[in-house]
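To keep things clear, I will list the structure first and then write my remarks on it.
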Amino acid sequence: MNDLAGKHIVLGLTGGIACYKAAELCRGLVKQGATVQVVMTQASEQFITPVTMQALSNRPVFTSQWDAREPNNMPHINLSREADAILIAPCSADFMARLVQGRSDELLSLLCLARPIASVRLLIAPAMNREMWAHPATQRNMAQLAADGATLLGVGSGLQACGETGDGRMLEPQELLEDVIAFFQPKLLAGRKVVVTAGPTFEALDPIRGITNHSSGKMGFAIARAAREAGADVVVIAGPVRLATPRGVRRVDVTSARQMLAATEAETPQADVFVATAAVADWRPATESGQKIKKDGSGQPPALSFTENPDILATVARSERAQRGALFCVGFAAESHDLVDNARAKRERKGVPLLVGNIGPSTFGQDDNQLLLVDAQGVVELPRASKLALARQLVAEIARRARPAGT
Ligand code: CTP
């Protein structure tokens with residue numbers, strides 16, 4: 001992916017052991033297509049060298065406001081004017097305090113102060129010992145930085161370099177990268193709540209066996225991530241899948257269709273958008289044996305009978321809020337043939353304003369897909385692309401059709 005193509009990021013390093021993670025973060029930003037200008041404080045040079053950061057960013061590193069390489073001798077102006085964002089990672093407690101006070105006696109704090117505040121956002125990834133993090137001074141500084149318009153990316157929790165355990169670790173490079181990518185996405189669903197079902201369901205026959213559907217959950221998780229990037233409050237209700245939860249998304253794990261329905265009905269009354277990507281098993285065994293069903297030696301397989309599962313999408317689409325348009329429902333159809341006709345018929349049958357069709361067998365488990373959007377106006381094709389790219393396009397289509405928040 002080239003999610004940061006065309007973006008220029010000033011990556012500021014301040015003094016902290018988490019500087020070792022900044023090397024990988026820098027690499028990740030570059031891999032995503034960003035150009036990265038590293039600026040380091042003197043303290044950060046105790047932890048990692050400018051040589052390393054220059055090699056990874058492919059640009060000379062700046063460490064001083066007196067750097068004569070700039071023809072006008074004003075690196076604080078030049079560097080901050082070029083940037084699309086300034087990311088301080090790691091941001092020490094001391095550097096936060098300096099930002100709060102508007103200090104400017106070294107290059108990094110100077111260029112933060114000198115940046116055009118409305119167009120060059122400041123992203124902060126704090127890193128410090130848990131006691132320093134919990135201290136009222138730090139918490140007060142964080143609140144002030146947020147009030148001054150900075151974006152605080154939060155901290156991780158766990159074992160710290162000092163040997164103590166708690167909050168204050170810098171987020172992992174991959175997490176920060178996801179946050180930076182999300183930061184640049186348009187906030188088309190700000191203030192909305194989005195509920196997504198994803199993955200298969202598993203209907204137990206006995207404690208050992210059951211029936212299920214093909215579904216990796218990747219498309220649903222990509223939609224959850226894209227909706228979150230667009231500023232929504234997102235819940236993903238996931239059947240049994242092996243996928244990491246996207247940053248900032250709340251996850252409810254379920255197994256069976258009935259559990260998925262219960263979880264969905266608990267979440268959708270406050271939602272603005274419901275996207276049903278789950279491959280719900282249409283039937284479940286009529287009875288679930290408490291013990292493993294054993295062969296009885298007769299050579300005859302056991303007689304199995306099935307009961308139809310509830311249709312989660314159709315149930316939600318019939319709700320009063322969905323009927324009056326306060327909850328925008330989107331269905332998915334995984335078909336093996338006649339996609340357009342099947343998708344049209346399914347839209348009618350489920351009673352949803354938008355139905356997204358795909359050819360199931362060609363996308364199961366893959367990282368890319370192609371989609372067909374069917375609504376009352378007709379059919380639009382989203383050509384083959386990564387599931388995340390398609391999810392972002394779908395989110396934009398949903399944002400265009402769903403009612404504005406609070407109406
Ligand atoms: N769906 C659901 N609950 C079910 C079955 C399906 O919520 N019990 C949702 C899926 O999440 C998807 C849409 O309905 O958004 C269509 O799913 P699909 O399995 O393609 O449709 P079915 O109704 O099962 O139709 P058929 O098996 O006849 O193709």
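Note: Cβ is positioned from N, Cα and C throughout, glycine not excepted.
Going by what TrEMBL states, the CTP site holds Lys292, Pro310, Asp311, Ile312, Leu313, Phe332, Lys346, Lys350, and the candidate of Asp282, Asp367 recorded there is Asp282. Residues near Lys350 (CTP binding site) in space but far in sequence (CB under 8 A, at least 6 apart, same chain), listed by position: Asp311, Leu313, Ala314, Ala317, Cys329, Gly331. Shown in sequence order, Glu308, Asn309 are the residues of the chain, 6+ apart in sequence, with a C-beta less than 8 angstroms from the C-beta of Asp282 (CTP binding site).
With helix defined as DSSP H, G or I and strand as E or B, the region 'Disordered' (286-305) counts 0 helix, 0 strand, 20 coil.
Closeness to ligand 1 is met by Asp282, Ile312, Phe332, these being the recorded positions among Cys162, Asp282, Ile312, Phe332 whose Cβ falls under 6 Å from the molecule. Residues within less than 8 Å, Cβ to Cβ, of Ile312 (CTP binding site) and separated from it by at least 6 positions along the same chain comprise Thr197, Ala257, Met260, Leu261, Thr264, Ala276, Ala278, Val280.
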